[in-house]
Every structure is written in structure tokens, then in C-alpha cells.
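Pulled from Swiss-Prot:
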BINDING   Gly25, Pro26, Val27, Gly28, Ser29, Gly30, Lys31, Thr32  GTP binding site
Amino acid sequence: MHAPHTATALRRTKKLPPLRVGIGGPVGSGKTTLLEMLCKGMRERYDLVAITNDIYTKEDQRLLTIAGALPEERIMGVETGGCPHTAIREDASINLEAVERMLARFPDADIVFIESGGDNLAATFSPELSDLTIYVIDVAGGEKIPRKGGPGITKSDLLVINKTDLAPLVGANLDVMASDTKKMRGERPYVMCNLKALDGVADVIAFIEKKGLLTV
């Protein structure tokens, strides 16, 4: 398994708490894949831990462990037992407790990734839980998805439009999706991605480093 090289990390000053990055989006959009790719792309420079949310299982925790995203002890699965939106917004106590437990184990952590359970376009993270929010949608959901709006589309710090390779198969026009995204988000950034091929992952990492004040 891979251990983070904390001695040479480009990291926040330890006077600041670790950066908390929330990853949300509908079921099947690619949240877990994004989290896997971020962990693999950042673990050599930063001390990372990850928390996943599922309603009745710890499936995403299992998938990340099998994929070798991080050592098993650095990934915690949370069973919300109900609406995934509630667990990251209205009553985020179960996730706040998970963050506290992980930081007790790994007090030098630079970044805590928190993946929500699959939810609708209205899902948002509590500011108590997340410093940066990344919302993932996918092209297979239809060209119209950006136009539907909702806080995930319009208010997230970064919007990831995944599975661009499927556009020809589902009749989606990526130029239209990009145009609609700009109309809905204004100056807020977005990234077109094919996460399975690592296309766009570097842009997401650069965003986290810049907005999270991780670069020196």
C-alpha cells in the first residue's frame, strides 16, 4: 500500500486545520471514481484520509480499498441509514463525528475527502462539514442536466461533467452542455472529464490545490 510522503509534502501550514473536500452528485455519476483518482494522484504529496457515505452498506469504502486508493485504515465508511442529503447538510453530525475520529487517528492529515451518498441536484454540503465542494454529473444523464440547475449545479465550487466519452452514444452535444453550464454557473469553474481515462483529473487536482491554499 502507498504511504503519503508527508516530510516533502506541499502542504498547508500546520496552523490551519486540514482541508475538507466534499464530493457529491447523483448515483452512478462517478463520485467514487473521482475520489479514487484524486487519492492516487495526490497521495505522494499530501497526507490524505477519506470518508464515504452509503445508506445501508459500506460499498464505496470497500471499492476504494480494493482499488488501492489509500491504505485501508485511511478510508472510513459511514452508513447514513436514511436520506444522504440529510447526512451532509441538515444533520451532518454523523459525518462530523467521522471526520473527528479520522483526525484523531491521523492528526497530520492535509486533506479529508468526504464523498456523499448518491443524491439529487438539490444536495449541498454543510459549510461546517466541507471547505470546498465538488459536484459530479455525467453525460449519460442527458444533455439537459446542466439546464436543470439546483444547488449542486449552480453553487458548487467545482462542477465535474464526467463520461464525456459517452456523448456520441447518448446523443449529447458537449458544446451545448458547456454553454448551458456557463449560463447556469456564471464564473464558477467546471471541468469536462473522462475519469476512467484520467482525462480531466489533473485539472481537478489543480483546482483543489489552488482554492484550498495547498500550493506554496
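Every residue gets a Cβ built from N, Cα and C, even glycine.
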Should one count Cβ atoms within 10 Å of each candidate's Cβ, the binding-site residues Gly25, Pro26, Gly28, Gly30 would be headed by Gly25
List the other residues in this chain whose Cβ sits within 8 Å of the Cβ centroid of the GTP site residues Gly25, Pro26, Val27, Gly28, Ser29, Gly30, Lys31, Thr32, in sequence order. Gly118, Val136, Asp138, Asn162
Local backbone state of Lys31 (GTP binding site), from DSSP in three classes: helix
Applying a 10 Å Cβ distance cut-off over all chains shown, what neighbour count does Lys31 (GTP binding site) have? 28
